[in-house]
Structure formats: C-alpha cells, structure tokens
Amino acid sequence: MLTKFETKSNRVKGLSFHNKRPWILASLHSGVIQLWDYRVGTLIDRFDEHDGPVRGVHFHNSQPLFVSGGDDYKIKVWNYKQHRCLFTLLGHLDYIRTVQFHHEYPWIVSASDDQTIRIWNWQSRTCISVLTGHNHYVMCALFHPKEDLVVSASLDQTVRVWDIGALRKKTVSPADDILRLSQMNTDFFGGVDAVVKYVLEGHDRGVNWASFHPTLPLIVSGADDRQVKIWRMNDTKAWEVDTLRGHMNNVSCVLFHARQDIIVSNSEDKSIRVWDSTKRTGLQTFRREHDRFWILVCHPEMNLLAAGHDSGVIVFKLERERPAFSVSGDCLYYVKDRFLRFYEYSTQKETQVIPIRRPGSTSLNQGPKTLSYSPTENAVLISSDLEGGSYELYIIPKDSFGRGDSVQEAKRGLGGSAVFVARNRFAVLEKSSNQVLVKNLKNEIVKKSALPVPTDAIFYAGTGNLLCRAEDRVVIFDLQQRIILGDLQTSFVRYVVWSNDMENVALLSKHSVVIADKKLVHRCTLHETIRVKSGAWDDNGVFIYTTLTHIKYCLPNGDSGIIKTLDVPVYITKIVGNTIFCLDRDGKNRPIIIDSTEYVFKLCLMRERLEQVMTMIRKSDLCGQAMIAYLQQKGFPEVALHLVKDERTRFNLALESGNIQIAVASAKEINEKDHWYKLGVEALRQGNAGIVEYAYQRTKNFERLSFLYLITGNLDKLAKMLKIAEVNNDVMGQFHNALYLGNVQERVKILESAGHLPLAYITASVHGLHDVAERLAAELGDKVPPLPKKRPASLLMPQPPIVCGGDWPLLMVTKGILEAGLDNIGKSSQEEYMDASEADWGEDLDLVDVENIQNGDISLVLDDEEIHEENDGGWDLEDLELPPDLDTPKTSNARSSVFIAPAAGMPVSQIWVQKSSLAAEHAAAGNFDTAMRLLTRQLGIRNFAPLKSLFIDLHTGSHTYLRAFSSSPVISLAIEKGWSEAASPNVRSPPSLVFSFTQLEEKLKAGYKATTAGKFTEALRLFQGILHTIPLIVVDTRREVDEVKELIIIVKEYVLGLQIELKRRETKDNPVRQQELAAYFTHCNLQLPHLRLALLNAMTVCYKAKNLNTAANFARRLLETNPSAENQAKTARQVLQAAERNMNDASQLNYDFRNPFVVCGATYVPIYRGQKDVSCPYCSSRFVPSQEGQICTVCDLAIVGSDASGLLCCPSQTR
C-alpha cells in the first residue's frame, strides 16, 4: 500500500472522490462533512448542517454538487462553489445509510433503515420512486455504472437487484397519445417503476455492502458473516460464484477495482484485504492497530482508493505507476506491459524488444522498480521488490529489435537494488550484511565491498562509483579505492538524476529537490508542497523537474519557477532544446513543447551574459510583475526599466538604478509632491545640485532650498529666499535665511517685528548696532535685559563654502550594455527638464515686488492668490537668474565610451603586508591579525594583551595624518623608511618604525641603574618592557640579530632574578623559603656589581637564620669576586671565621650549590641537571614539566613548551 494522504478526525462513515479535482469528501459520525485536497493535504471546506452522523455522501460527476444523507432522516444537496446547502429532500422515516447520484439522469438513490430505497429527481426535488421489499435496514443502494439496475444490501441477509428500466422510460417523454394514456393510468392507479430482478440469498447474517463490477455482469457483497461473496448474473437469473474468507469481523464495504482484476474489502477487524478476483485468493492485507474500517471508495478516473476508519481517512494506491526506465544517448529503454521497450528520441518511434516474464506473484507491487542499461554490452538489469528485493539480467540479442518475440531466460539474483557500475560489471546491494557485490555478466561475484554507511539503496555515480542512500544522508563510494568521495546530509532520497557531463546531481525526495556537485558539495535546496515526481538536466545546466501538477525549473543558484501546468503526472526522461520527453503512467512517450524564455533569461542574468539579455528583452514578451520583482531583488533594476511602461514603477526603478534622467522624466509625468521629494533625495546623493534645486522648486520646499543654497555657497539666491519668506510672512524662514546670510540688521528687524524686543535689543547691542539698541532700550524702559559680561562678542557668520555651486565631478566611465540600451530613452527625457534652471516661480509662488514692503504690510498685496504690482523697481521671481553653469541641470552622465575609470592603486600598507614576514611591519600596516599569527608561529606568543598598546603605537607611528578641508575626512599617509624625493613612486620602502634597538639599549641601562638603587619594581617594569618590545623591532644586519638574541637572554635573567627577590620580600613568615629564594637569586646570570649585592644579601639572610655553612659558601663566592667595597669584603671574612667554629646549618634548605641547576620561572624551585624540564620558545626560561601549556611567567607572552620557528627581526633572515 502506498499511502498518499491521511487525515485525523472523528469516525468517517462516507467518502466520495471528485472525478476531476484532487478532492475527497468525508462525512463524519459527528455530523460534519469535510472537503479535503488530498494532493496538497489541506482542508478546503467543512459543511455542518446535519444533526447527527452523516453516513452517505457523493459528488456529482459534472455539476458543482454533492449529496449527503444522515441520521436526521434528511437528504441534502449542496453546491460546493457557493458553500451552501441548496435544498433538503424529506421522505425517509429512519437513518439514511447511502446516497448516490446517477451518472446520467438527474436522480439520487438513497437507502434507509426504514427498509426502503428511494429514487429522487434532484431537479424537480421530488421522490420519483420508492423501492420496497427488504424487511430489515437497507444498508446500501447503488446504481449500475451503465445499465438500468440498482443493487441493494440489507440486514435481512439478502442482496437485491432492481430493474429501473420502466422508470427511465417514464422520464423520457412518450411519443404518441396511446403511450401517454397508459402513462396517465399508471400515474393514477400506481404503476410499478422498479421491480426486483434478483434476490441473492447466501449470506448467513446481515449484508452491509453490495456493488457492481464496472464492466462485467458481476456483483460483490460483504456481510456480518465475515464473508465476501461474488455473484454472477445474466438476463434471467443470478447465482453465487465463490466466497472469499479471511476477515475476522463484519465486512463493512467491498468493491471491484476499476483497473485491475482485484477485489478490495475492508472490515471492522481493522484491516483492508486485497483479493485476486480471477483466482479468488487473498493477495495482501493492510492492518491498522486501533481503527475499524467503515467505508471504501475507488477513484473514478485514477488509480486511487480511499478508506474511512474510526479516526480519519486514508487515501492510497495499491501499486506504483512509475514505469522503470533508463536513458542512454538518443534512446530510452523502459518496461511496459511485461515487455522491455525501446524508444528513439530523434525519430520518436518505439519498438518492443523482449518479453519480460514475471513469475506468478502472490502479492502486489512486484513490478519492475528500476532499470539499468549497459550500452556497450546491450545488457539490461531490472530490479523489483519481489522476494524482498531481486534483479533480472537480460542480454538483448542484436537481431531481436522490432520483433519482441524471442523469449530468453534471465539471470536472476536477490539484492536490494542493482546497477551497472562499468561496461560489464554491475553492483548488487546485499542489505543483510550491508555490502555491495560486484558481478560480471555471467552473474558471478567478482568482488565484495563493505559499505561505509547503513545503506538501503544504491545508485550509479560514474564508472566505478556508487551513490549510497542511508536514512538521512547520501555518500559517493569509490568501489576501487573503497573510500568516500562525497557526503551530504539530506532528507530521504527517492531518485537521483545526474547531468550529462556528470558534474552535477539532483537528489529528489518526496517534497524537495537538492542540487549538488559531483563531490556532493551542496548547491541549493528547493522545497515543494506537492510531491516531486521526476527530473532531468537541460543543455544549459538548468534542472527541470515535475511535481504532480507542474513542470518547474531550478537554476544553479536556487531560483525556481513554473514552466507549465500538467493535467496528469508525467515522468521526464530527457530534454532536447524546448522539448521535454516524458513517460506517462500508461507507459506512453509524450513530447511536451515548453517555452524556456523565462529561465534562459534568468540564467543569462546570473551568468552576466548581457548581450543575450538585451537580445531577449528586444525580442520576447517577458514583462510581468513577477519578472520585475525578480530583477529588482537580484540587483538589476536597470534591466527592469526596459520592461516597464507604468511611470510610477519606472520612477522607482530609475531611482534604484541611479538613472536620474529617466527619474526626472517620470516625475514630470506623475507630478506628485512625494515623487519630487524622492527625486531630490537621490539627486542630492549623486551631488546633482541642479536637479535637487529643480525638485525643491517644484514642491515649494523653501527650507531645504535655503539650506541647499547655503551649502553650495549661492548667497545671491539665498538673499532672494529671504525676500520670498518675507512675502509669504514666514517669520521663521526669514530668520533662518538672515542667519544663513549673516545679516544682523535683518535679524534685529525680524525680532522687533515679531515682538521679541529683549532679543532684538541683545542682538543689536552684541553686534555693535548702538543707535538701534538705544532706540529699543527707550522702548523697553525698565525691562532692558542685562548683557552677559566678560564674554567677547563675535559675529555669527556662515563658513565660506569650499566649492561654490555646481554638480559634483563624476568619473567618466564606459557605458555598460544595459545603460547603452537605455540611451534612446534618456535622450528624449533629457529635454524634459531643461527648464529646471529657468523655473519661473512667478506663477507657482505668486510673488510681487517685495523690495520696500514692511513685514506688516504683506496683507496688502495678497489678494485671491493674485499679486498686483504696486510700484516700479519691485522684483519678481523671474529675477532669479541662475549662474551660467546652472542653466541646464544636466546629469553628469558620460555619453562617450572612451573614458575608463582609473583602477584604484594598492595602498602602501597593503604592499608592506605582501612583501614582509616581519610581525612589526604587519602591525605598522594595521594588519594586527596577521601580525599576531606571525608572532604565534615564530615565537609561540599567545598572550597579546601586553602588546596591544605597542601595536597601536607602531600603526599610528608609521602613519601621518593630513587635514584637507574642514568638511572632508582626514587623509592618512604611510611613512616609509629612508624616503627621498628622488625615489621612484612605484618602489615602496618598508615602514618607518617607532621602536629601535638603540632605544632598548637605553632602557637596559635604566634597568641596571634601578637595580643598583634597589628599585626592584621599577627595574622589573623596564626589563619586561624590553622583552615585550623585542618581537616588534626590526634591525638591518645579521650581527644586530645576534645582539638582539643576546639581549633577550640578559633581560630574561634579570626578570627572573628580580621576580625571585620580590617574592622573597613577600614571604616574611617563612624563613626557610626566604633563604632558598635568596640563594636562587645568586644563581641568576647578573652583572658583577649586582651579583655581589645578591651574594651579600643571601649571606646576611642565612647567617641571621643560623645556617652558617650555607652563609660561608656565599661569603667565599663573594670574596672570589674581589669586591671593591672594603666593608663587603670585611663582612664576608667575619662570617667565614664565625662559620669555621661551627660548620652547621640550623635548618635544611632545598639548595645544593655543588649540583648545577637552573631555577623554574614559575614555581621558583631548582631544576638540577638531568631532571626533565620545558622551556619558553621566546625567552628560553626553563620550567618544571607541569607548567607546559601555561603562559610563561617571565616574558608573559609565549606558551611554555610550544613549537616556534624562532625570532625574525631582520629582512635578510627571510631571503
């Protein structure tokens, strides 16, 4: 059973398929009727006017109607388009069990528990016949599909066949008067319209269902005695043919399959059984765990069945309908009607090749599933599910083409799936051991290979390779090398389709298509709501696939679309140009011609073949909202412009592609405020001041216009804007314009006229207009505001603009094909805004002479929006003459195609990075991440926190910064080492670095000095600073490199010694540890003066702790250094004398001066010669093995024990 659709609902009592649409009606025990689309799996509608269970439901075969009958004794006829019940037929006196439309006449037959069958005319809405005779509930009544018969089944244990020929004659209008007279008699005295033809007795219990065979004179019935009976009838009698036993409970429904010689029945024993109607044996049983079955229906056109049970509906198929096929070059091999057939694409002829003998199978779905063909050997492998998976190998004789009569014995074998993997080798999957058997054409095993994943199917993947399918992934397995070549996680794959060049593969699942390359690297995934059926690659590398309802395409980037709608499902075999060759479910070859313009156009766009794009735009009709949206989404608004006529869409696309010319033309056509505003914004972004000004003029956007004049430095027009604001009585606009112009008198005048006398007084006073200030002070009297003291007054003037007016300079660039194609459009629109600069504001803004008008007098001149001149010398907006360069605001768009945009040069810092392996030079260039990677590789450094400030100093120190203008960004310049004017600009020197070796020498001396003075913390900071700087210095010679390495060793010894001494000073409560640390300090490689001080210190500590023997050792070492300070020598001698009297140590120390050792940089314990240790790759300090992987405590940079290539600080080291 191949389940196509399942629902979860209340108990289903009635079902009906629509004969054309993918719909099924389900009537429920709850009284609801559901309408489902079983192809998509969605509930379309529900109808719930019945009271109580609805047991019968049926679609009309041509009208948008269905009928239902329920336990409320009502028969309802519904129009599913209008979503309502049209009328109700009343007459039955008990539950209605089934209802059915007649295939030809306007009749409905209904069966009821009132022991009658009624036939109704749904056009006249009357009952035209009542069939009585049963003496128990009538469980079912159905019309014969062709003849004038009705079959009914009843709990009185009988099946009755009724002849309704008289009823049919009665409905046909009688031709002559005699007939009409007899018709009237029967109407008056009650004639018999339907008579019982046969009563079939044989069941021992009540019969639940009976139905006719679609073509043969057979009836099948199912009853509560758990039996299915087959009856045959002729003109005179009917008799029982056979009984099918097997159900364990009441048989609820039974019917003949329309296309195969089988009977399908279902029962309250929770099973559906399939029987062979010729052999009368059981073929297969499908069981549910908890649900009893109640109803079964067969699709009138398609190979589909549906069953209703306690918790829903199941729509299913009994056998696969996909023909097994294989394409090889120009020919197709496929199986149809137990024959292997051959189809040639070029001639479109098909031939029968050889018969394929199928063994008598005892169950369904045993037909050929896959077919594999070897062209050189002319061999065919056919796999099926027979015996749990088996294959047959046929060698096609050369002379058998066209005859198809030679029967040959196939070589058979068991295996999950079988495919050719080479010319004369095929692979068979053995599921039980999860291995592949490679066999030759004699069906002998050549080799075995265990598979790397649990595999349930194998597919061809190139010579010697297999594509193995697991539950959630597919892998490509090389049989020769036994390695995995590719692996991809994917949902359960059903079919695999390789492109002709074997470079790409499509993996088809039930609801998805995955495209990958030959190594199974994922390209894209498409998800479908309707089941995917087949697919093939066309010559352009586009994958064409079919669903149940459509042919679709998938581009390499994952874009997809519909090519054609299908009426019936087909299986694509090959694509040649615009022809798709496919097989339908009947095994017929069908060429389908398609229009590939859409996907070829998108493919050209994707691959940037713009000449083809332009050709297609000119020649084909591509326009449509979907295509325009696609072009916008993919970043080709300029292409979409070619396809659009609507001005609003053109305007938006022109803005998106930056084409100001077309945008202006469209804005002029539309002439709406918000479009002019958008145009202004885009023109401003492009620096096209003329168009910005024109757009602001059209929308009378004075504030923006004033600001535009301010930033472009057009002070003449700014002065005129002030007058316009005055005429319009826009006080705020006047003030702003006065402020932009730096016109103080005007600002005072505006403030005074607006009644802000204190502000006017302060403005006049601050700016030195004393006569005006005095006049205002007199007016204010006592309310004169105090002026701020001790603050020098400065005139608030706008900055002089850097560039006055004009459009931004744009680079001259070559025109692309698409822009060139737009030229003809651009030329016509160029002239459309030629009047931008001559914009006559007079009629728009209604302005007059405003030269001598006071603010208060504006009302005198505004009359019905018409302005009348009052005196000469006034100004009108025609005076707003623009400078010559703004006369025609053309966009800076290059017509010529000779200019090419200069290629951007490579920044100096990038050259530094490319040429150098020195971390310091990468840091100077600002490439901190590569600098850190170099330091990790060379010195094992992982802790970069101490180097952060040094990196920043290097970067900022090797660049200088120039301020060009106040409004432009700061320009950074790289400083090169040893730069001179004579040097070629093409030859770049390394960066000039802020750190040098001489600086480190100075730091070293400062560290020595601090150590001598006993400032150990300060000295430690200096020495660690040297260690942190050394990775970031660059020297010129090999000799200096050796000096740098020597410096690391010197500084490392001092850092370790000072850390030990500082640690000793912290541990005051542990005298033994104090003595040990003092002793270790003397073993650091220090300068002689510092060593003497360390020895003196250790001697003193040990002497005080009564460790005289150890103190004497330090005294001897001190005297061996010939101390210059007499007091040091004297103290040493005294200690020696005291020790000689008593050569004992009061406490035991972890210190043996006779055995050479080094001190661990982290734990400060001795590591004696011969003991294991690890070292820091940078500063070479030594540590106990437990410190491996930790950050070095001496340099605080590198990881102890890590691998490193060594210090690089000179360019000559890398050559």
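Cβ coordinates are placed from backbone N, Cα and C, and glycine is handled just like the others.
Feature coiled coil, per TrEMBL, maps to range 1122-1149 of the set 2-29, 366-393, 1122-1149. Shown for the repeat 'WD' (131-164): DSSP residue counts in helix, strand and coil, namely 0 helix, 20 strand, 14 coil. A Cβ distance under 8 Å defines the sequence-distant neighbours of the repeat 'WD' (200-241), meaning residues of its chain 6+ beyond its ends; these are 136-137, 139-140, 142, 144-146, 149, 151-161, 247-256, 258, 263, 265, 267, 269, 275, 277, 280. Below 8 angstroms of C-beta separation, residues 1071-1072, 1075-1076, 1079, 1092, 1096, 1099, 1103, 1105-1112, 1114-1116 of the same chain, each at least six residues beyond the ends of the coiled coil (1122-1149), sit close to that stretch.
Residue counts for the repeat 'WD' (47-88) under DSSP, split into helix (H, G, I), strand (E, B) and coil, are 0 helix, 23 strand, 19 coil.
The domain 'COPA/B TPR' (604-771) scores a mean pLDDT of 82 in the predicted structure. Broken down by DSSP into helix, strand and coil, the repeat 'WD' (89-130) contains 0 helix, 24 strand, 18 coil.
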